[in-house]
Amino acid sequence: MADVKKVVLAYSGGLDTSVILKWLQDTYNCEVVTFTADLGQGEEVEPARAKAQALGVKEIFIDDLREEFVRDFVFPMFRANTVYEGEYLLGTSIARPLIAKRLIEIANATGADAISHGATGKGNDQVRFELGAYALKPGVKVIAPWREWDLLSREKLMDYAEKHGIPIERHGKKKSPYSMDANLLHISYEGGVLEDTWTEHEEDMWRWTKSPEAAPDVPTYVELTYRGGDIVAIDGVERTPAQVLGELNRMGGENGIGRLDIVENRYVGMKSRGCYETPGGTIMLKARRAIESITLDREVAHLKDELMPRYASLIYNGYWWSPERLMLQQMIDASQTSVNGVVRLKLYKGNVIVVGRKSDDSLFDASIATFEEDGGAYNQADAAGFIKLNALRMRIAASKGRNTLK
């Protein structure tokens, strides 16, 4: 262990990472630098400073990354209308490359030769953190305690904390039975009763959203203004990216929007059930499809849809910093120059309903699409030749006896 002199630890201040901090100090006999990120998880991050100081940490980084998170990670991802396996909006996945980036930046700034994280050896996060770290700093050493130590239960972690004088909270507050992760895009729940795929989640599990049954009986209308594929204003009031997502979370949560219960395929090979609340993201996805429906060329839109599952898998599996993701991002971003305008939505009891869309860059031409007299804008007789030419290969096949009729 003598080759490790200084480690940057992704530190939440909770039991797991506090034990990891002390374990790193004792096992590697090294200096530990802590990094705590505010990604909009809704918890105080400053208490992590006092806990780190109590464990002898001299260099402590606590960073408000909310704007960077939404501007440089969430918004670019949503430009692709990204969904993993048809449902998951990648709330956890998209936060990991930013944390990895900041870990490496701090390692470079402090002269650390290693980084460490609290992800377990069973999940996707270990892959996401480490792929990002190696992409940004090829020679960095990564220490993953959950793959090295024998503290494989909460009871063992508690015993270790008590033995080594690590401050832990014992204020009688009922601990959630779920493993949770939160940021400005979503909150996730795993474990507990959710490990039985037949058992319904409990209503009191949800923290951000009302149940659709308890949502207001009167719908909420909202207008979202897009510029270059990103939301820049809500109801005509300009907002920063983090403010946009925060306000949509509030509106969506109030109207019972954004709950999800799925079984997903983890990159490490197992299936895992998770429940998610993504109110703002659910609204953004619906609105983006609406504004693109009038501003994107048909073939561009279809190509984006074809490539989206690949793009989603790259993010889910931890390849945000890979050359293929960066290549796809350039193509996606190039498609967004005309994605400008306003989408009007009705939010009602778990539903996001598009009720209007307009744009100065719209490709929708009412004079051509009308069911009424179009004044010669579209010659319906032209359709006969179009159909015959497109049927040519099938007509030839049928003439050779290859039709499907018996």
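Every residue, even glycine, has its Cβ placed from backbone N, Cα and C.
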Problem - Binding-site annotation, Swiss-Prot, ATP: partner of A10, Y11, S12, G13, G14, L15, D16, T17, S18, A37 in G111, G118, G121 - result: G118
Handout entry: Residue in Y160, Y276 which Swiss-Prot records at the L-citrulline site where Y88, S93, N124, R128, S179, S188, E264 also bind
Key = Y276
Practice task
Using C-alpha atoms only, work out the spacing between S18 (ATP binding site) and D125 (L-aspartate binding site) and round it to an integer in Å.
Solution key: 18
Exercise for the section: Quick one: pull the CA-CA distance for S93 (L-citrulline binding site) versus A10 (ATP binding site), whole Å only. Expected result: 16
Fill in the blank from the handout: Largest C-alpha distance in Å for the L-citrulline site residues Y88, S93, N124, R128, S179, S188, E264, Y276, as a whole number, is 19
Practice task
For each of the binding-site residues (S93, S188), count the other CB atoms lying within 10 A of its CB, then report the residue with the highest count.
Solution key: S93
Completion exercise
Fewest neighbouring Cβ atoms within 10 Å among the binding-site residues G14, G118 goes to G14
Handout entry: Other CB atoms within 10 A, centred on S12 (ATP binding site)
Key = 19
Handout entry: Residue among binding-site residues N124, R128, S188, E264, Y276 with Cα closest to the Cα of G14 (ATP binding site)
Key = S188
